[in-house]
Each structure stands twice: as structure tokens, then as C-alpha cells.
Amino acid sequence: MTPACPLLLSVILSLRLAAAFDPAPSACSALASGVLYGAFSLQDLFPTIASGCSWTLENPDPTKYSLYLRFNRQEQVCAHFAPRLLPLDHYLVNFTCLRPSPEEAVTQAESEVGRPEEEEAEAAAGLELCSGAGPFTFLHFDKNFVQLCLSAEPSEAPRLLAPAALAFRFVEVLLINNNNSSQFTCGVLCRWSEECGRAAGRACGFAQPGCSCPGEAGAGSATTTSPGPPAAHTLSNALVPGGPAPPAEADLHSGSSNDLFTTEMRYGEEPEEEPKVKTQWPRSADEPGLYMAQTVHGVWEEWGSWSLCSRSCGRGSRSRMRTCVPPQHGGKACEGPELQTKLCSMAACPVEGQWLEWGPWGPCSTSCANGTQQRSRKCSVAGPAWATCTGALTDTRECSNLECPATDSKWGPWNAWSLCSKTCDTGWQRRFRMCQATGTQGYPCEGTGEEVKPCSEKRCPAFHEMCRDEYVMLMTWKKAAAGEIIYNKCPPNASGSASRRCLLSAQGVAYWGLPSFARCISHEYRYLYLSLREHLAKGQRMLAGEGMSQVVRSLQELLARRTYYSGDLLFSVDILRNVTDTFKRATYVPSADDVQRFFQVVSFMVDAENKEKWDDAQQVSPGSVHLLRVVEDFIHLVGDALKAFQSSLIVTDNLVISIQREPVSAVSSDITFPMRGRRGMKDWVRHSEDRLFLPKEVLSLSSPGKPATSGAAGSPGRGRGPGTVPPGPGHSHQRLLPADPDESSYFVIGAVLYRTLGLILPPPRPPLAVASRVMTVTVRPPTQPPAEPLITVELSYIINGTTDPHCASWDYSRADASSGDWDTENCQTLETQAAHTRCQCQHLSTFAVLAQPPKDLTLELAGSPSVPLVIGCAVSCMALLTLLAIYAAFWRFVKSERSIILLNFCLSILASNILILVGQSRVLSKGVCTMTAAFLHFFFLSSFCWVLTEAWQSYLAVIGRMRTRLVRKRFLCLGWGLPALVVAVSVGFTRTKGYGTSSYCWLSLEGGLLYAFVGPAAVIVLVNMLIGIIVFNKLMARDGISDKSKKQRAGASLWSSCVVLPLLALTWMSAVLAMTDRRSVLFQALFAVFNSAQGFVITAVHCFLRREVQDVVKCQMGVCRADESEDSPDSCKNGQLQILSDFEKDVDLACQTVLFKEVNTCNPSTITGTLSRLSLDEDEEPKSCLVGPEGSLSFSPLPGNILVPMAASPGLGEPPPPQEANPVYMCGEGGLRQLDLTWLRPTEPGSEGDYMVLPRRTLSLQPGGGGGGGEDAPRARPEGTPRRAAKTVAHTEGYPSFLSVDHSGLGLGPAYGSLQNPYGMTFQPPPPTPSARQVPEPGERSRTMPRTVPGSTMKMGSLERKKLRYSDLDFEKVMHTRKRHSELYHELNQKFHTFDRYRSQSTAKREKRWSVSSGGAAERSVCADKPSPGERPSLSQHRRHQSWSTFKSMTLGSLPPKPRERLTLHRAAAWEPTEPPDGDFQTEV
């Protein structure tokens, strides 16, 4: 037994411990933190109502915050639970609040003997809340934690207590900031004090820094002395109402942020007298020394979360609720619904079939007594045939009949009509009556017991009267009938609900209206509002003011993005109102940057781009009116911080604000606004005609004590007392101005000029509209209204073409009027001009001009371009398309650099016209309008650049430096690259700001962006004029262009530029004016005229009047020019164009260039140059001419087989070896022409491949005969030189524009001295002999070779003729491959360099100059033919040929290697300058 005792003892102890340990304390112990104010019941505080349960409240910072508790005595709670409070420095989670048992109390008393009194006070810190006899107990604690305990044993309490007792709010908690008490917390304390006074029959008071409550003069305040806690318990500022107390002075102690103090008051003590200081509590306007109670209006709390949808499929509904904080001290109750419901669309219900309407109930089964009746319904299956409906087919119900009476039956009363069977297209309603009795024979009542009538006679909407399903902005809008409003969730980046109405057009077709986002708030703006509330919760004023600065900065950044909804604008107005109120309450002076940001935010909000958003937001709340009030309050907040005679000017893009402070006693001068000459003023203000003149007589108070209702607040309904400032709309608290006697000694005068506010304010009654800018004038304190109107206002129009203008002012007393809030009785219209209207008003307010808009305004808002713009663009486009079609049809014949430039120019004009029409549509989005403006800027500039490109092309053609491939790339860079560069730089610097506005899709007239178009256009016009002057001087110069075709082309380009460029400038200038001022019919008509004329002029100049196009059209029609030979590249034969190969064209161009080449040019203009140019790559630069040292010859390589004669020359007097002289070719208009130099041909055939290179720059073609060129004696020719043989008539008429060569001789030119003959022989060239055929007179023009040779011999093909013409030069091989060209080019260069070296060695010993002179004019070419077949030379001619061949062989082949005189062709005409001009004449021998 002894071993069992310890075991039993351990079991008992375990049970005891198990009973003592209760895990419930964690369930009935709660800790609350962050509670500012609340009233709680037992159910709220204690989830488990048991003894020892506790609820602990945490004070976040006892040094800054004070914790007040009010205990509302409830007898049942006190009797069953005995609640008490314990102030704690530390929170213990498992601390129990049970009272100790009597035995434990004795033990604790014995153990605590000898402890100090402080520890005893700590141990006895529990405060019995029910010890007092009064209904209230007020407690104030400065501890970290306050714990509420249930100390009694409520064994039967939960069951005995009534539900009302459990729900009774017996504890109220209030947390107050000692440094900055808010109006709400002070209002709660005042309410407690009033309730205490009413319950005790006297006034109760306690001290709290920063709070004061109204009381009656002479009343007393007493602290409660009822039985309560022991004297050891100190309750700071505590008031426990109870038993009698000695009377005391009734004064509520107050404090301020500059004079803070706290009083410790024990039970039975009286509060000390405190001085009166300035507070933030309102005071009576009639009795300044008496404090008034703060009026607290009811405020809605945040909406709760939406409930689940009422249906799991199909369409149901969702709801949410919100609670209202009750009003106090006569405040207004909360306005608006407490419950909000919306539709919800779930997934379609999985029903295969659909039941139709129930049929009517059948008759009752019995005529009397109880019975049953049935009804049935049908299943409508739209799917497969096997689908069925789920549910019962029939329905049965009981029918109660009366007992079968023994007497005759009768009908009972009719019941109510049933619901209509259809909602549209005529349904049916039924009602029934019962037969109350039957006859003795059991027969029913006579008559019918059912009655039917039609209902819902309105027709169902047709298919075209239903708006279809649409997916817009990530939202799906279900189909709806016309007139219905559909609600949907906001886009993912916002919260709230969006709505959209299905409208009906004038043609009876339903369409969706614009979605309404007035109830959508972006997440960024909601986060900013939460940040604002966090700053408001801060106790310190300085922190709250700095927080408001951060809020304004963040709001400016959000609005600068310009991506917000209409609901965000209303939310921003509310944020600005809270910021202004916080600045007032905290007495925080905003910095200059804060003021600038604030008004910049307002400028963003009232921008004209937000007109549609404001129209949408006005359907929910008059946000623009609220914004107007907030701006006025902020102006006076800034003005109060200014010094006397100090002013402030803030300028933004959409409003200008002037704030100044003037003393009441002496206003310095009259006030004029705005001051346009101030630095930093915007252009729209500087150039506007808006003006305000406020005479200083208006600025006078009505009386020293009570100013009159005037100023911006002086409109009807806006009068306030001298110590208050009217709050903005929706304010729940008013700003309290300090009771400073100097406050009313200064005027704060504010003036605001709004650029676009008239577009967003509620419109006046139709048909009027706000036609001018809006100006606001506000003065505080309010002034005495003058007896007669003295305020002069001039307002400029923002809508042109208006009629019947009226001056009006905004009436704040009718802010809720639906018809508008403009009042025309306050102002008088003095003068109306074309640009502005002058008004004279009596009261200070917000002013504007109301007028009737023009009739075409409705057409403009429809979104279609005006008729003149459409006509002008259409005519211009049709003309240009005609030009493009003609060029496309004959492109192979008119292809040139000028044609390519013209096509690009036409494309730029076509694109500009299309973009002008697109930009006039009002349905474009912001991004599309910006892109339209940028591309319009680009094509406008490109059209100017292509005109400049045409002028540049004509200039290059005039000076002869035209290289096709290289210049074409430069033309493209100038025509398209330069405009693209200008637009890219403009877009990069402005970030597309200014590209497109709310009124037009073009460059904005503000900010200087328009200079990005005007500047380059002006520079292009100036450069074009300079080039035109240069080209004109070149054409008119005596030594100008000799080539008639070049001269004609250059003149045509110059004339085109002179005509097209001014017309282009006028067209685009009128286009800019027509786009920016869409209501001006004059500008639109001018643009239509200029644009149409531009298209016709371009088509006429470059198509109908262009020679190439005329020739092509004539040849296509079979009418060709008869004066051109068929060898010409532009000639026709039998109505068909003669197509030349590329190589032939290059050869012909080279030959023509030789004849009409300018001085000092260095282009490949001969056959050799053509070959060298063809042998180069496309991107390779052509080589320059071979220029030797000064005084040396310049040779160019020639095509063909070059064999340098290396054989020794025969001796003197010996005949040279027989050889055949190669033909000589000269360049003519039609190509190469072979010269028949019979005096150079030996009798024997020569070897192939020998050439004689004649130097350039010395060829002289002069008419023969006496006195040619002014010389007395004809030039001699070497002895033995053969005379020219006469030509037949057939040969002389075969070539156009060439003179026949009557004589050709070699003579000694005086420019190079005499030739030093090493053999000592003297050569005397014989005098020239006139031709046997003819001798042309000086100055006579002879056409011996016509261009067109009729006859069958000239009917061969063009290609055969070209081959025959170039057969001697072996061009057939050259035309085969490009590689052959390159080989010939490099081979000729190498051989001629060797030949030049031989010539340079013999130049020093030769002093004579050989020249070849020929008859004919200086500007004509020499062409000769071969001798007629069968004609044999005479003996004398043969001897001359031998002597000449001997001389040639001796001089060119057998001279020693010494420096020789260069062999040149010399212009021997006496009328030519001494210094020979540069040329490029080359002849092949």
C-alpha cells in the first residue's frame, strides 16, 4: 500500500493541473491596436464570455496620444460580470483577470507585507467601472496598454442576459493626438461632455490640449466626487459623474500648438483657470466671444464588397452595402442609397431545351368541396431532335371550394389579375372567381369563372433596333434594345462600373453610344487617395503639409500622362479639395513650387482635350463647378501668406492666375488684368483681347464689423460671416480663420483667366453656348457691391460666327439647377465687336459671353470634312492622277531625271490631299490624329523639297555636270530625306506634343512647333529663288548655252519652278488656315481654288505643254515631224518611234555634246568618253580628262585596234610605202559622220588599225572664201596637199545641219612659232581653193545635207543603219559585252600614254604649229562623205597625196626623240579671243 500512495498522489495532482490549465484564455484574450474611435458591446469584445477573459487596447505612443474611455453603465452587465480596467506598461498574453479567493487574498497580503507604497499601488491598479452611481464613467490613460477584464463568475450570465444587454455598447474608446487634435475627436469629447451635463444636471468639463467645447457663461463645471477608485489611483483629466460636488466656474480649458500643457486632476479637485487662446473651433458670427459646437455631417463609409451573383448561371444580380457615420450637432444625414445593386452575367445555363409559358389552369376536379386542378406546358427544342427539357410537364395544385350548400350557388369575388404572359407584342392576363355554392341538384354556378384580357401591347424591337454584341476596350457589351443602358465592369486598370446606352439614329437604326467611365477610377488615382488619407492620419501639422505637397506632385505626374478616365477627373477634384483643406487646417504655407504644381494640375484637367470626359463626368457630378470653387479657395490660401502690396503671377497653358494683397485702408490703384507685358506670359494671353478693369472704388468694406456679401463669394447665396471661408462643395468640415484683428485689414484679390473652362462648365439653356473665354474675379473679405456697375470685362471669342451675344456671370445659388447656372441679369452688354465683347458688371464673380453658335457648327461636329475642302482636294487629285496615267503610258519615251522628279512631286501632293481630308474627321483617336499631323508635316515639306530638286536639276543641266546615277541618289535624299529628318527631329524634341489637337490634326499653334514647317519652307523658297536667278542669268548671257535643246529644257524647268512654287506656297498656307479655323468659309474656299489651280497648272506645264509628251502623242497618232531625219533618236517613221540601243544613245549624246559643249567642261563627250563611261561600274566615278603639264597636249583613248607605227620612215624624196588611210569621223547632231578626205588617202590601200590623233581645243570650222574671219590672205597649205574634190548632190543633201567642207589645209599658226624642220625643208601650203561645187558667202548658212532623204534606199531599219554607220569603228564588238568595253578602255590608255611619251620628247625642238582650217561657220560641224564610187583621182592629186604622206611619215614617224611641239587644232578666226577656250573636239583619222 505504501508504494500505491505516491502513484495515487501523482494522479490527483495531474488532474488538478489539468483542471487549472485552460487553453481558452488564448481564445478569450484579444489585443486591439490602431483603434481611433469606436463603441463596443460584449459580443464585440469577448467572443467567449467567461470569467478571466480580457480585451486589451494598445496606445501607439503614450507621449503623443491620449486614450479616453467612456463606460456606459448597464445594470445587468455590472451585476453579472463586474468589469474593471487595468492600465499596463506591458502586455501579457495569458494574464488572467480573475479576482483572488479570500484564502489567496490573505496569503498575498501576508507576502506583501513590507512592500513600498508604489508597489502596492501597482498591485491595486484595477479600476472597478461599476463602483460609481452615475450613468457614465470617463477615464483617461497615458499607459501603453489598457485591459478590460470580466472579473465576476458569470455561471448563468449568458443564459440569463437578454440579447439587448449583450448587444449594448457599454464601452466607447477615443484616441486623441495631443499635439494636433482633429475636429472629429474634439467633437466626440464635446458630445461626451454634453451628455454628462444633461445626465448630472450641470455642466461637466475636462482639459484636452487643442479642444474647446461651447458652454453657457456663468455656468459651472464640476468634477465628479462619487465613490470611485482609491486616492492612490491617479486619473489624468478624468471625470466621473456621481454625487454632489461643489460649484465651480464653467470653463472648458483649451490649448494650442504653441502653448501646450496638461493638467493632472484628482477626484474632488477643481480645474485651474486657463487663459483663452486662439483655437480652430468655430465661433459665432454674432457673438465673437462665444464658442459654437462643431456641426458634423453624416459621412458614408466605404462600400462593402460585392456579394456573389444571385444565380449560378444566366443573368443575376449582386449587391453591396455601406454604413453611415451618424451626424452630430444638427448635421445633415447621409445622402444617397445604402444598398447598391447591379446585374451580373454568368455563364449560360446548360439547358438543352426551353420550356414555353405555362398553359392556363384546368377546371377544378370538383364543383364543390376540395379538389385539384392542373396545367401543362410545352418544351421548345432548338437543338438536336433528341434534346429534352428538364422538369415537370404538368403542374397540379389544390382548389378549395365551399361546402356544397343546400341552397342555390353564387359566384365569389374576382381575384387579382395575373402577370402578363409577354413583355412585348401583346401578351395576356387572367383572373378567376370561385363559385361559392351549388344548387340542391349539385349543378355549378352559371357563367364562367375565368376572364382574359390583352396586355403589353408595345411591339418588340426589330433586329435593326437592337445593338449587337460588341467588344471594346477589353469589355464585352451584350446586345440590348434601343434606349436601354448596359452596365459592365471597368477595364482591368480601373475599378468601378462603366455604362453604355443603346441609341437610335434618325434613320431608325440602333447603335452603341460612347461608353461612360464616370464611375471608373484608375488604380493609380485610388492609391494616391489612400496615400492622402495616410497623410491626413498623421498628427503633426508639418508632416501633413509636406504630405500634401507630395500628393500634388504625384497627381501632376499622373495627369501629365493624359491617360485617365472621366471618373479620374472627379476623383482628382476631390483630391485637390482635400489638399486645400489640409493646408488650411495645418496652417501650412505651400511653397512656390507647390503653388505652380497645383495650378498645373488644374491646367491639365481643364484642357480642351478633356471636353468629352467632362461631359461624361457631368452626368454623375458637377465636377467642373467644384473645381472652380477649389481654385478660388486655394487662391485665398496663397494670398493669406503674401505680404502687403505683394503679388504673384502663375502662367500655365490653359489659365493665368494673378494674386495680390492690398490693405483695406488704402488700395494702391485700379487693377488691370492680365498684364500682357509680363515676362513669361504665354502667347495665347499676349495676343488675346481679354481684359479686366477693377476700379479701386469697388474695394471698400460695407461696415467696420460686418462686410457685405460680395466678391466671388458675394454672388447670391455665397454670403458668409467675417470669420469663415465658404467650403468647397461636399466639404464636411469648415476652415476656421484665426480671430486676428488684422485679418480683415487686407484684401486678397485673385483673378483667373481660363482658356477652355467654358467648354466644360454646364452649358446654358439652348440655343445659347459659351462663346468666349471665362474670367473669374474673387476678393476676400467680401466688399460692398457698388450702386452701379463699375467692373469692366472684355472677353474674346473662342467660337467664330456667333450671333446675339450676352454677358453673363456664374450664379452659385443655382448650383444644382439642371438648366444651367449662368445669370445674364448681373451684367450689361456694352459693345460687341468681331473679336470681343465688352461687359459691365456689378458683382464680382465668374464672367463669360453667351451667344448662339453658327448653324454650320452642327455640320462640323458631325465628323465629315467641309464641302470646299472635298472639292479642292478631289479636283487636284484627279488632275494629278491624269498626269501620272499619261506618264505611265509613255514612260519608255519620256523617262528622264526630270520625269522622275515630277512623279515624286505628284505623289507628295496626292498624299497631302488625302491626309487633309482624313485629318478633318472628328472621330479619330488621339494616336491616329498625331500620326496624321506628323505625316502631313512630312509631305508638305517634301513637296517643297521636290520643287527645289527640280531647280537643282536644271542648274546642273545648265552647267553641264550631270551624272545620272550619282545625282539621282542625291535627288532622292533631298526630296524625301530632308523632310524626314526635320520631322524626326521635331517629334524627338517635342515627344509628339503639339502634333494634333482636339480641334484639328495639324501642328499646334502654341509652343513654336509651327516654325518646324514655316522655317524649312521659307529656306527652300529662298534657295529656289537664288537658283532660278542663276539659271536665268546663264540662259540670258551672250556666252551662255549654245545647245538649243538644253536651253529649252532649262527654260522649261525654270518656268515651271517660277509658276509652281508660288502656287504651292499659297495652297499650303490656305490649307493650314482652313484646317486650324474650320468655321471660316473664306479660308476653305481659298484652299479649294488654289489647290484646284495647282493641279491644273502642274498637269498643263509638265504634260500638255511639254515637247517630249507632245511628240510622243503625235507619233502615236501618226503625225510626225517632217523636218527630222529618221536617224535622230526622237524621230518617227511611219508613225512608229525609232528605238535606239543604249549604246547608240550614248554615242549620239556624246556627239551632240561635242558640238554644243560649254567652256571648261570635262565630261565624257566623245565616243572615247562614252566607251570609258560604259566600261566603269555603276557607282564608280568617271575619270577626268587627261590634262598634261601647262602647254602640253591632252589625249583621250579611242576605241578600236591601235597599232603604234614603229617602222622607220623612208628617206627624203622617197615615196612612202603604200597604205590606206583610215576614215575620219566627226560628231554631228545625229551621231558620227565620216569625212571624205580624199587628199589624205593614198592610192594604195593602207594597213588596218592606224589612227592619227588630232589634239583638242583647236578645231576651227570657218567659212571659206575671201575675208573669212577678218584675215587678208588665206592660209597656206603644205605642198602636195590635195585639194578638196567636189561632192555630188546626193551626198551633199544627205546630212542635216552641216556645211560642206570646201577646203582643209594645214598651216603654221603664229601662236606656236615656226616649226623647226630638222631636214631644212620649207613648206609653203598653197592657198585654199574654193570648192568646185560652191563657194559660200561670209555669213551664209548652207544646208547641203537634209535630215530626211526620201526614197527607197533609206527604208532600211534603224539598227541596220546604225550598224552600217559604225561599222568602220568596229562597234559591233563593242556592243556585245561590257567586258570588251573595259578591255578597250585600259588598252587604249596604256598605248596612248606611250604615244604621249614619244611626243613629249620631241616637243622641245618644234616651234611651229600646224593647224587645220576649213570653211564654214564657227558654230557648225564639218561632215564629209567618201568619194563617189568609180571616181579616180588625177595625177596631180596622186602626187600631192604622195608628198603629203611623205611629210606625215617624216614628221610623225622619223623624228628623233627630242621634245617636240604639240600638234593642235587651232581656232584661226580673227574674232576669237587670243586664249583659246576649253573644248573637247576630237577627230579620228
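Including glycine, each Cβ sits where the backbone N, Cα and C put it.
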Annotated stretch (transmembrane segment, per Swiss-Prot) among the listed ranges 31-51, 1081-1101: 1081-1101
ASP1077 vs VAL1113, same side of the membrane according to Swiss-Prot: no
Disulfide-linked residue for CYS460, taking Swiss-Prot as the record, within CYS420, CYS424, CYS502: CYS424
CYS399: disulphide-linked cysteine among CYS364, CYS368, CYS435 [source: Swiss-Prot]: CYS364
Cysteine of CYS420, CYS490, CYS502 paired with CYS455 via disulfide, per Swiss-Prot: CYS420
Cα-to-Cα gap, ASN800 (N-linked glycosylation site) vs ASN578 (N-linked glycosylation site), nearest whole Å: 39
Shortest C-alpha distance to ASN578 (N-linked glycosylation site) - which of the glycosylation sites ASN179, ASN180, ASN370, ASN493: ASN180
Which same-chain residues, if any, lie at least 6 apart from ASN493 (N-linked glycosylation site) yet have Cβ under 8 Å of it: SER522, HIS523
Beyond the flanks of the transmembrane segment (928-948) by 6 or more, those residues with Cβ under 8 Å of it: 901, 904-905, 908-909, 911-912, 915-916, 918-919, 974-976, 978-980, 982-983, 986-987, 992, 995-996, 1001-1003, 1012-1013, 1016-1017, 1020-1021, 1023-1024, 1027, 1057, 1060-1061, 1064, 1068
The transmembrane segment (1081-1101) and the transmembrane segment (870-890) contact flag, 3+ Cβ pairs under 8 angstroms: yes
Inter-residue Cα distance where the pair is ASN370 (N-linked glycosylation site) and ASN180 (N-linked glycosylation site), in Å: 78
Average pLDDT across the domain 'TSP type-1 2' (352-405), rounded to a whole number: 77
Three-state composition of the domain 'TSP type-1 3' (408-461), taking helix and strand from DSSP: 0 helix, 19 strand, 35 coil
Residue with minimal Cβ packing [other Cβ atoms within 10 Å] among the glycosylation sites ASN180, ASN370, ASN578: ASN370
Cα separation, ASN179 (N-linked glycosylation site) to ASN370 (N-linked glycosylation site) (Å, whole number): 81
Number of other Cβ atoms within 10 Å of the Cβ of ASN179 (N-linked glycosylation site) across all protein chains: 16
